[in-house]
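Data first, discussion second: the structure below is written as structure tokens.
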Amino acid sequence: MKEIKKICCVGAGYVGGPTMAVIAQKNPHIQITVVDLNKERIKAWNDEDLSKLPIYEPGLDKVVLEARGRNLFFDTDVDKAIDQADMIFISVNTPTKTYGKGKGMAADLKYIELCARQIARVAKTDKIVVEKSTLPVRTAQAIKRILDQTGNGVEFQILSNPEFLAEGTAVTDLLNPDRVLIGGSQSEKGKEAIEALASIYGSWVPQERILRTNLWSSELSKLTANAFLAQRVSSINAISELCEVSGADVNEVARAIGTDSRIGNKFLKASVGFGGSCFQKDILNLVYIAKSYGLNEVADYWEQVIIMNDHQKRRFAENIVTTLFNTVNGKKIAFLGWAFKKDTNDTRESAAIYVANDLIEEEALIHVYDPKVTELQMLSDLDYLATREEEANKKHLTVHTDAYKALEEAHGIAVLTEWDEFKSYDWKRIYDNMQKPAFVFDGRNVLDHKVLESIGFEVYTIGKGK
Ligand code: NAD
Ligand code: UGA
């Protein structure tokens, strides 16, 4: 088996950066270069001041500090890194297509193809190419065809090694993964490539947690894992609406069903709706693949997960309007949180964006506090929806760096992200400085509702009727 001495990772994003940092930390004998076209991102990865890393993840700064400059490098010279590497990870973005065939459903593979073509153009020695990005089943076949076009005698082995880390816990997930999945060709050389990658993970992951499969199983398992996880959230959210009208409490229901070991207790937290860059994109992709094979019932089944999620976000906004005497026109609605979950600065597909958008349609004035998300990011999230002029978004959205200022004089408070710090706020002080009746809409069920009600708040909870 060929020893891997140099790795290149194309794409220094939420996956490429942390994944390579941990691989480098655990394999000091391997030189790893993470490359990206985005110069600003690479500059931030190289910043002496670790608080300026482009991604906020608990514990990431320590890992980067240990490996960077030793065997971990961030660079913009993509050709050079590809040329020198024995193994190349492709970790570029695979967003939902926004144009042409499959618009709004299929994964846009243009960055993947560009990468494959660049590797084909530059490579002069044999390479193992690893799909780290989440891809439609059978993408490896397309990558292989592009790579094999070179005709210069270079041999490529393609592996699928999807990433299962969750944002906010990326470092602990990488250090202690439930499993590492490696799919590859079942030929002699394919198996050698699988073992080469398995030995890199073997530096810290027990062998029994390293699963080997064929390429297509590995590619499809990633989409399936995300679909199952998102489906659990939509399932409990569907039940949350039923709880609200029937007098049941969704937390109690979740606990009752979660103790059944066949169901399990994780991913049963009712919320304002799931967000994040992947759940929606990956399910849409799954739906598109099923449809393209003519499997309409399969497609419809999974699409329902997205339909339920959209409904959950919309009804949260509608409930705010209804509760505030059917109008939020000119009223200050304070948002606690904008990120799609706690402990990340990522806002992609965050429920907060959609709830804000719906409330702005009702002429509300949204004031937001999020410990990690910038004003620029929030405005660009709203502008991306293209519901109204950018100026109008600016007029309706005010961003605060002090939570108490955001909440002052508000008619209602909506909790959109479950940041821990919200629990320890001085809620009496907040109550005293608010409009009355003082409404709280807890979209994450994180606050102590008994305490809030004893102070005088009217609290609306997902999954608990009045
Ligand atoms: P990202 O947008 O944060 O990062 C992708 C990076 O790739 C960008 O910085 C972009 O500039 C760069 N890039 C694109 N084309 C390039 C090229 N040709 N050459 C060099 N650089 C290029 O995306 P991400 O969140 O890291 O996701 C990457 C992939 O991993 C996606 O397929 C995603 O579905 C998957 N994934 C993401 C997560 C997550 O938590 N974010 C988890 C598991 C899997
Ligand atoms: C998810 C998966 O958990 C990862 O395994 C996967 O690698 C990743 O997608 C990906 O492919 O990108 P992530 O989106 O980072 O990770 O975060 P999750 O913890 O899964 O949360 C997703 C969304 O669901 C968040 O908005 C979260 O608040 C929401 N959620 C999660 C709930 O509303 N209830 C729950 O019980 C769990």
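Even glycines carry a Cβ here, placed using N, Cα and C.
Any TrEMBL annotation is an automated prediction that lacks curation.
Pulled from TrEMBL:
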type	residues	note
BINDING	11-16, D36, R41, 92-96, 133-134, E167, 278-281, R348	NAD(+) binding site
BINDING	163-167, 222-226, R262, 269-275, 340-341, R444	substrate binding site
ACT_SITE	C278	active site, nucleophile
DOMAIN	334-449	domain 'UDP-glucose/GDP-mannose dehydrogenase C-terminal'
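Annotated features taken from TrEMBL, shown on the structure.
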{"residue": "G11", "record": "NAD(+) binding site", "DSSP class": "coil"}
{"residue": "T96", "record": "NAD(+) binding site", "DSSP class": "strand"}
{"residue": "E163", "record": "substrate binding site", "DSSP class": "coil"}
{"residue": "L223", "record": "substrate binding site", "DSSP class": "helix"}
{"residue": "A270", "record": "substrate binding site", "DSSP class": "coil"}
{"residue": "C278", "record": "active site, nucleophile", "DSSP class": "coil"}
{"residue": "F340", "record": "substrate binding site", "DSSP class": "coil"}
Binding-site residues near ligand 1 among L223, N226, A270, G273, Q280, F340 (Cβ under 6 Å): none
Cβ neighbour count within 10 Å of E167 (NAD(+) binding site): 24
Confidence summary for the domain 'UDP-glucose/GDP-mannose dehydrogenase C-terminal' (334-449), mean pLDDT rounded: 97
Among Y14, D36, A166, E167, N226, F340, the binding-site residues whose C-beta sits under 6 Å from ligand 2: A166, E167, N226, F340
CB contacts for L223 (substrate binding site) [other CB atoms within 10 A, all chains]: 23
From recorded positions E163, A166, L223, N226, C278, the one whose Cα lies nearest N93 (NAD(+) binding site): C278
Entry from the binding-site residues list A166, A270 having the most other CB atoms no farther than 10 A: A270
Spatial neighbours of N226 (substrate binding site) among the binding-site residues Y14, D36, E167, Q280 [C-alpha, 10 Å]: Q280
Per-state residue totals over the domain 'UDP-glucose/GDP-mannose dehydrogenase C-terminal' (334-449) - DSSP helix, strand, coil: 46 helix, 20 strand, 50 coil
In the chain carrying G273 (substrate binding site), residues 6 or more apart in sequence that have Cβ under 8 angstroms from it: V233, N237, N309, D310, Q312, K313, F316, A351, Y354
